Amino acid sequence: MAMNKILKLIQLFLLILAASKAVSQPSPDCPQSCGNLNIPYPFGTREGCYMNDTFLVTCNDNSSTPIPLLGTNNIVVLNISLEDGEIIVSSPVIRDCYGTESNNSKDQNGLNLTHFSVSPSRNKFTAVGCDTVGVFMGYDSSQKHVTTRGCVSMCDTLGEIRNGSCDGIGCCQIGVPDGVYGFAVQSWSINHSTVRDFNPCNYAFTVAEGYYNFETTNLKSLENPRLPLVLDWGVGNQTCEDAQQHRSSYACKDKNSKCLNSTNGIGYRCKCHHGGNPYVYGGCHVKDECALNNNPCIHKKTCKNVPEEGFKCSCPKGHEGDGLTNGQGCRSKRDKNTGNLILIIGLSLSLTLLAVVVGCLNIYPQIRDRKLMKIRDNYFQKNGGMLLQRQIDLLNGSTERATIFTAEELKRATNNYDDDRIIGKGGHGTVYKGLLSNGSVVAIKKAMVSNQAEIAQFINEVVVLSQINHRNVVKLQGCCLETEFPLLVYEFITNGTLCEHLHFEGEEDKHKLSWTTRLRIAAETAEALAYLHSSVSTPIIHRDVKTANILLDENLTAKVSDFGASKLVPLDQTQFTTLVQGTMGYLDPEYFQTSQLTEKSDVYSFGVVLAELLTSKKALSFFRPQSERNLSMYFVCAMNEGRLDEILDREIVSDASVEYVIEVANLAKRCLRLHGEERPSMKEVAMELEGIRVMEKHSVGGAKDVASQEETESFLKPRSHFNMVDHGDGSSSGTISRFYDLHNQILEPLGDGR
């Protein structure tokens, strides 16, 4: 019995100790500032002044002006906002100067935040320079790598640059993704010798929107080593609904406050109705109802503010009533007749007011509907609705034509764009699963098209894509132009992406795609791309071919998707200049260097897909050794050195005939040639893959050939017909060397990323 009492006392002590680490209210003598920074609770500079360790601000007073630092880090705090749930800190500018080492050490090329997330709506990743590649690598709260994105800035002379513009000429900018709790940035050059006279250094940084305005003088020198960065913060790791179940630990202490769930990360934040500090009892400001010009009391001076109720009116001595101008008012206790008259007048006014309100309620829905129709009509006109309608009328005799959906129909189909209906997010929009009124299941995509100069091109693409009827291309069923951004409606594919099937982790490993299935998927994808390049009325370059854009249905049939980056090819052109766009690891190096887009750019990207199918390795991985990070470079080098067997997925190719595996590998290598003119066309690729499928299917007994010892040794050793890129002109080794050098220039600087 005595032992039980001792155990209970120990448990009680531990509970008290744990509770003491979280401060629900600050001590009265807590410092309110550090230097010029106001520090409101839940933030504080010492124990007993902050809610928990997350909100510690270290005040470094070693210099003449105290410097506030976030936690125990060297991150300078510039501002703290309770109203917006934001904190502004100082973020480093990374520079890479031609012919010198970087001025920044490796631990200064980003921020490790842990408890604070980078605001996606308030910040931009920016790269400055005339020969600059900038890369942003984001990490989640556990510092696990979650995203990599970047932009390219090019220019030849100062004359082509515009101040204030970051459109890829001298300066480029991209948005920051959601859920980033830490990041690293990199910048480097490919061939800086041509611009170093007026642009000796490259710069890359993440900065709060509105705090940086590009100027041509920045190319010569960007003096500021640090720029402001906006972080989002919240309390705890619960939603408002869960936190309110435990009032003692609930952070919103003032009764005149409300709780808001965090939109970028976990937890919640509190907000006063009329300003103030909601995390402190009595911290919110109370609106002075009595100070308003339309004070509701008959006798203005009798008005008193009442917490929660707002205000209260009273009558002078010898009078009675509610004291309200629009209520009973005040009447003499001795004059009953006057009181009755006031009552009648008040009742008449109330009935009149009620009639006016009822009339307004009847008219309001009509006004609202008219206004909504006008807004939708404006969006329809802005997004090229009339142009699309004329194009559809021209196709009146065609069996394939785009359907124009209404905004209301797609709103119902997605349950008002419920987050639970989101099935994918990408650089070209968010995709929702929808159910149309006729029972059809569709994928609804919010397209990122807002530039008026692109509307005609967008409408033309919608019309052309709606006429594509190929079993291996996701069918575009129609669109909606009544919303701010156009909505595209595609057929719904049920079995995920090829990327998910190739690179899944965990117990599902037993469901790997077989060699036969992979070969069929490759042939189907090649056939679809060949169809887009040569069989439609207006050729289409996909421009973002990758395993994540190849969907698989219930029968594992390939469906090419996501035409957000695609370009229609004018009939009188075979190539044209565009802003470089694509995915790292799949991007054609010739297109990257010259900005000249051709159909052979898709061929290169498809070559990377073939390499993924053969090896089951990701196109780009920072977790592999530096020489192996880029799969295309790794794959070509392995073939040249006779090491193909080292990188193949042995579990998959063990079921295949050696000669067919080598043929597919050689085809992938030809697709990955540095110069586009030396690559095969997609039509040639499709025919060759289909030929390999037919030959393998009709091989002896329809099963795998048993290779002799000599054949196996031949496969594992270098062979001339697949060791070199065969151009027929003896220039193969030089091409491979240039291929290797170019990829080194593009990808080696990423080696410092986490």
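Glycine residues also receive a Cβ, built from the backbone N, Cα and C atoms like all the rest.
Nobody curates TrEMBL annotations by hand; they come from automatic prediction.
As the structure is a computational prediction, the values presented were derived from the model and not from experiment.
As recorded in TrEMBL:
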type     : residues : note
SIGNAL   : 1-24     : signal peptide
DOMAIN   : 286-325  : domain 'EGF-like'
TRANSMEM : 341-364  : transmembrane segment
DOMAIN   : 417-692  : domain 'Protein kinase'
BINDING  : Lys446   : ATP binding site
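Secondary structure of the domain 'EGF-like' (286-325), assigned with DSSP and counted as helix (H, G, I), strand (E, B) and coil, comes to 6 helix, 10 strand, 24 coil.
Restricting the average to the domain 'Protein kinase' (417-692) gives a pLDDT of 85.
Neighbour density for Lys446 (ATP binding site): within 10 A of its CB lie 20 other CB atoms from the protein chains shown.
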